[in-house]
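If you look up TrEMBL, you'll see Arg60, Gln78, Arg83 marked as substrate binding site. Residues annotated as active site in TrEMBL: His149, Glu252.
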Amino acid sequence: MGIVKDDAHGLDKVVLKTPQGASSEVFLHGAHVTSFKTASGKDVMFLSKESVFKPPKAIRGGVPVCFPQFGQLGPLGQHGFARNTAFEVVESSDSSVTLLLKASGREDERYPHPFELRVSVKLEDEALTQEMTATNTGDKPMDFTCALHTYFSVSSIEKVHVEGLDGVGYTDSLQGGKPLTQDGPVVFRQEVDRIYLATPDTIKIVDEGAGSCVEITKTGFPDAVVWNPWIDKSKAMGDFGDDEYQVMLCIEPAVAGSGAVTLAPGKRWTGTQSLALSNL
């Protein structure tokens, strides 16, 4: 599948398709997946109607690639610079694509490490898999944190709960990083901003309003971030609708609260996530 111009925004993207009708859009800006429509027609991803498609601004929604830093866990700006940078396509087919970012170590003086970051996307009829591989191409060890900052579309945030995190410890960013332990499923009645530590590799979003479930299976990412901005923060974000918090939820496989990865020269690290949609 070749590169095409997005009609609405003028940015380069790759459109993946399966014979049964599933589709996904992947922008070269940030190696950013913005859509994953299953063969049954449901778009699993949330993309804000207010999102700004103007580099170097990151796209609001889909799957921002946070690298080589998650959040403010380091010297760089929020979430590092991969999500703001153009990748190149190095492999593609009708239903898969691999994009590459070659960093020289001069992109930001606060992170003087050359590296390569490959992001692969594989589409199936009812599933999408992303693989993120970082290679240290320099001569010194490099530390990084990262995440696949995935925005999911939901019917109504108060009709959704998250399974698979019961009994897992987390830090609550709204309470200054206070350590707590999850009791039961995660529900949403107010702003949520948490880093769950050493999580199981399978987490489920159960959407009772839509009668569906998204199963998230991850490898290589020890942590999982759960985020919904709720009312006040939604109003404060210029590229996010005031009421859109009601129809989205972020579950983000991450290297975050459990500590950074240290990658020796010439070594690689890989993390993956697979998203599968099913009916309840």
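Including glycine, each Cβ sits where the backbone N, Cα and C put it.
Annotated features taken from TrEMBL, shown on the structure.
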| residue | record | Cβ within 10 Å |
| --- | --- | --- |
| Arg60 | substrate binding site | 22 |
| Gln78 | substrate binding site | 11 |
| Arg83 | substrate binding site | 22 |
| His149 | active site | 24 |
| Glu252 | active site | 26 |
**Message:** For the C-alpha pair, I'd like the distance in angstrom between Arg83 (substrate binding site) and His149 (active site), rounded off.
**Reply:** 10
**Request:** Among Arg60, Gln78, Arg83, the annotated substrate contacts, find the widest CA pair distance and round it to a whole Å.
**Result:** 14
**Prompt:** Gln78 (substrate binding site) to Glu252 (active site): how many Å between their Cα atoms?
**Reply:** 15
**Prompt:** For substrate, what surrounds Arg60, Gln78, Arg83 with a Cβ no more than 8 Å from their Cβ centroid?
**Reply:** Ala58, Ile59, Pro64, Cys66, His79, Asn84, His149
**Request:** Give the distance between the Cα atoms of Glu252 (active site) and His149 (active site), rounded to the nearest whole Å.
**Result:** 5
**Fill in**
DSSP says Gln78 (substrate binding site), in three-state terms, is coil
**Request:** Taking only the Cα atoms, work out how far His149 (active site) lies from Arg60 (substrate binding site), in Å, as a whole number.
**Result:** 10
